[in-house]
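Report on one structure; see the data block that follows.
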Amino acid sequence: MEDVVKALAKEVLSSADIEWNPPPGLLRRESSRYAGFTKTGSLAVVSSKARARRPDRTRVKYLRDEGFDRLVVDAWDYVVKASFYAVERCVGSGDRRFRILALVEKSYPHLALMSHLNFFPCGSTGSYDMVTIDVPSYSDVWMLVERRSNSTLVLGSDYYGELKMSFLRLAMNEARDRHLGVGLHAASKLYRVRVEGSMREVGVLVFGLSGTGKTTLTVEDHGLREPEYVRVMQDDIVILDWRGVAHGTEMNLYPKTDSVPELKKLEPAVLHPDAVLENVVVKSDGTPDFTDLSLTRNARALAIREAIPIASGSVDLMGTNVLVFLTRRPEMPPLARLTSPYQAVAYFMLGESFRTSAEAGKPEPVRVPGFDPFMLEPKWRSAYSLLDLIKSLNMNVYVMNTGHAKDRKIPPELSKHLLLSLVKENVDWKLDKHMGFEIAVRAGGVNLDGYNPEELYGESYVRVVDLLRRDRQEFLRSIPSVSFLADYV
């Protein structure tokens, strides 16, 4: 059957019990039947079905997939008998926006509320770029993504991350495939700093898998004082167009909350009365305990972006100058500058780090092309699109190691210092002939010799780098149509 999820959505819209665009106050009241509140008024929800994404239960249908169709047909009667809230919003607010419809099972009003809060208002037209049907009460767990129709069926999960990413996954790839730009799993921020005596605005995109410090570096203001400043646009997904504009996709934020005690700038956004805490332990007096991970290591919040002191008035970054890829690999220096657009895209497609799984908490080496677990096929299109953008916009691209250089820990304060130093162009570089990129040897007055992997590994460095290079080349050659990038690592 072609476009079976789209057909299911059509039947739901024609026959199911649907309440259209319920106001947030109603959704909050309905959610309070099973949720609590913090002392500041934030809604606090504990998921009953799922507390993290399930990539192993996510299935994407591109053209024909009989197994996919059977899963949808098996759920058909159950879905059409359910009652739904219909939430009409937009991913993005500018000329790269997509109209979306979330059909959320009525028994889970907090999911409808979070969708309303997270995405932008854009009126009711009856025509949508993406549609998701979300039925958490279903007995089996599946995220069924139908690429051609841009429709998703979420079954058996009440974790908001699945609903949110059902739209953002498709928006990123739709932007790429429509040649509107390229969707990127990256945070965006603007620096206004003094460079060589004159004020300059520098737009930065920060990429990184979970656990690499992306949120920490995104909300960092470096203690700058007027006329210098930092403004935060987005923390997760942007669409970078051919003019260098990084279009924001979300009105608010969805951060992990275990970082809140260290990132005080996030606190007002997470504790805002309109915020929604998801699987955060709340004490009997209404105080959230962000350090208690007994419910899950993946506790999150739908946080109110405008409450962050350094939030920008706009979610769109109007000019992108710098890309920063965060990694945690012991062979990498604290900061490296990539020397060509091809090398930059090679590292983009490597998407490598050590990361901690959301539930198990066990560090493991990983490679995810584009630092983006939501990138759909054909992945080579993202590589070629970014290559064209880096060439045409003359962007500088860096790799920042936020883990260890060999076994020496790289402190977060050093990473923050390096980010500001590269934005201010206050870094001395030296070519690492073995790696083929430039490494920072001094930044903003700080000597980095003690973190140079070549010195730390000593005589074994060449062997370590050679093994790493061969491993990287093998990975890149496994991605169709980008094997040529193996020559640049």
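Yeah, the Cβs are placed from backbone N, Cα and C, and that goes for glycine too.
As annotated by Swiss-Prot, substrate binding site applies to Arg53, Tyr159, Arg300. Marked as ATP binding site by Swiss-Prot on the basis of sequence analysis: His185, 208-216, Asp258, Arg300, 409-410, Ser415.
Structural mapping of features recorded in Swiss-Prot.
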residue	record	Cβ contacts under 8 Å, 6 or more apart
Tyr159	substrate binding site	Ser47, Lys49, Ala50, Arg51, Ala52, Arg53, Glu278
His185	ATP binding site	Met172, Phe207, Asp236, Ile237, Gly370, Phe371, Asp372, Pro373, Phe374, Met375
Gly213	ATP binding site	Leu326, Thr402, Pro412, Ser415
Asp258	ATP binding site	Phe290, Thr291, Leu293, Arg297, Ala299
Arg300	substrate binding site	Tyr160, Gly161, Tyr254, Pro255, Lys256, Thr257, Leu277, Glu278, Asn279, Val280
Lys409	ATP binding site	Gly403
Check your understanding: Tell me, how many other CB atoms lie within 10 A of the CB of Ser415 (ATP binding site), whichever protein chain they belong to?
Key -> 22
Check your understanding: Hey, what's the Cβ neighbour count for Leu209 (ATP binding site) at 10 Å?
Key -> 22
Point to revise | Neighbourhood of Thr215 (ATP binding site) by C-beta distance under 8 A, where only residues 6 or more apart in the same chain count | key: Ala187, Asp235, Pro255, Lys256, Ser259, Leu263, Leu266
Review point. Just counting, how many other CB atoms are there within 10 A of the CB of Gly211 (ATP binding site)?
Key: 20
